[in-house]
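To keep things clear, I will list the structure first and then write my remarks on it.
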Amino acid sequence: MSLTEEKPIRPIANFPPSIWGDQFLIYEKQVEQGVEQIVNDLKKEVRQLLKEALDIPMKHANLLKLIDEIQRLGIPYHFEREIDHALQCIYETYGDNWNGDRSSLWFRLMRKQGYYVTCDVFNNYKDKNGAFKQSLANDVEGLLELYEATSMRVPGEIILEDALGFTRSRLSIMTKDAFSTNPALFTEIQRALKQPLWKRLPRIEAAQYIPFYQQQDSHNKTLLKLAKLEFNLLQSLHKEELSHVCKWWKAFDIKKNAPCLRDRIVECYFWGLGSGYEPQYSRARVFFTKAVAVITLIDDTYDAYGTYEELKIFTEAVERWSITCLDTLPEYMKPIYKLFMDTYTEMEEFLAKEGRTDLFNCGKEFVKEFVRNLMVEAKWANEGHIPTTEEHDPVVIITGGANLLTTTCYLGMSDIFTKESVEWAVSAPPLFRYSGILGRRLNDLMTHKAEQERKHSSSSLESYMKEYNVNEEYAQTLIYKEVEDVWKDINREYLTTKNIPRPLLMAVIYLCQFLEVQYAGKDNFTRMGDEYKHLIKSLLVYPMSI
């Protein structure tokens, strides 16, 4: 039966075109003589600083500050062994009973490292009446450190909930009087209130923290120089990778083969940077970028072009996972399906050479699950059905894509993704579920209005409005509260998941951080704001001045 006998009505989204053109297509590598030796010498100096601070207990608070600076400057991957050793020594020495300065920093760094230290240390911040001490209210840096520590809280930590309210209120007051605060610190406070450190992407943080750090009289010249050199070296690698994927994308020719779908290869690579910016994850970034570009085409086909009958055929083709399915598809779907098959076949062959077919099969099942649930959404849209949250969530948490994207990232990390890790991933761990909830809720908050202008499945907002009999504004309030709460669940699972390599857990955290950036105020992936555009340029266009 021909599907073209009658011109179908399509839910066209009118996506804006790419703003980048061929800007990143060509990359000319620039070799700076002697930089590698300079970097190696600087790294030796930093290692010595870490050793000296660790060897003297009186300097352990300074050690924490040094580690924090290394991480925020974007160079911790050079000192992973030293940082791991230092924080392990700190934990073995003090346990939960830290008695030095910078308690908030100690708490944040230990939890970030995976040590589930208690929050009892913050009882020292309160007076005999249970209120936070006035001396803390007058300590701007102390307030900021405590505020940042609260983002590591888990459900039930009341003292950190109180601390969040206290610090947020005091810091907000300070932003209303710019003249009473150091200008650089004033900017730091504004950034923190907008997005605490734990919810910021490390690479973006490096781009923004390096200039701030340079303005501090106390900055370490060795650290600063190393951070700037490394930023530029990594940026060169990233631009080379981006050039590669842009050429791959141009060969697909989206304007010819999928003109109504989103042309977002640069944004896909930016997402890849969010999943891991370090040099050792180059392969992971390239494959992740290609996969996200293909997944975006598939998602748009379901959301913004395909008819219900066409989508049933495409779903069956994905289930069969065979290039022989091309002949069964409508003409416009064939280039998309072929690109999909070619992209995943490339990775399958690579992993097969490493003896990791198990890892590829894990990723493949997540793709199939994603498409099956897109089909459920298409069915709801076709029927005009608004499901309850109980019916809605199991489907839309999957179609939000967080789980799929996490496992896609893992395909490029086969060296640390053990067989036990595969079993963990396919078991639908709570960490995946909570990151999926976060992604879905943030997406729905920012895409709801645009999606409801065409035939589209209902969002979380509509399910909340229907189930709780509330208006849209109140439903948004409920979802923002859920987003805040689900971060606490994510933190708990991050801290309590055992026997899984920490980089795999951090890949989930990086994804959550990226979602916070991507959906900051709008759906920047689809309709980019000026601030988001500047973030991309800060990582991929503008080098650090040395």
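Every residue number used here counts from 1 along the chain in the order it is shown.
Placement of Cβ uses the backbone N, Cα and C atoms for every residue, glycine included.
For D299 (Mg(2+) 2 binding site), the same-chain residues lying six or more positions away in sequence with a CB closer than 8 A to its CB are L374, T399, G401. Annotation source Swiss-Prot lists Mg(2+) 2 binding site at D299, D303.
In sequence order, D393, V396, I397, T399, G400, A402, S460 constitute the residues six or more apart from R440 (substrate binding site) in its chain with CB-CB distances below 8 Å. R440 (substrate binding site) carries a helical DSSP state (H, G or I). Here Swiss-Prot flags D299, D303, R440 as substrate binding site.
Residues or ranges marked as Mg(2+) 1 binding site in Swiss-Prot: D299, D303.
DSSP labels the residues of the motif 'DDXXD motif' (299-303) in these numbers: 5 helix, 0 strand, 0 coil. Here Swiss-Prot flags 299-303 as motif 'DDXXD motif'.
Taking all protein chains in view, 23 other C-beta atoms sit within 10 angstroms of the C-beta of N443 (Mg(2+) 3 binding site). Positions annotated as Mg(2+) 3 binding site by Swiss-Prot, on the basis of similarity to another entry: N443, T447, E451.
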Which same-chain residues, if any, lie at least 6 apart from T447 (Mg(2+) 3 binding site) yet have Cβ under 8 Å of it: S459, D523, T526
Alpha-carbon distance [D303 (Mg(2+) 2 binding site); N443 (Mg(2+) 3 binding site)] in Å: 14
Packing count at D303 (Mg(2+) 2 binding site) (other Cβ atoms within 10 Å of its Cβ): 22
Residues within 8 Å of the D299, D303, R440 Cβ centre (excluding the substrate site residues themselves): Y302, L374, E377, T399, G400, G401, N443
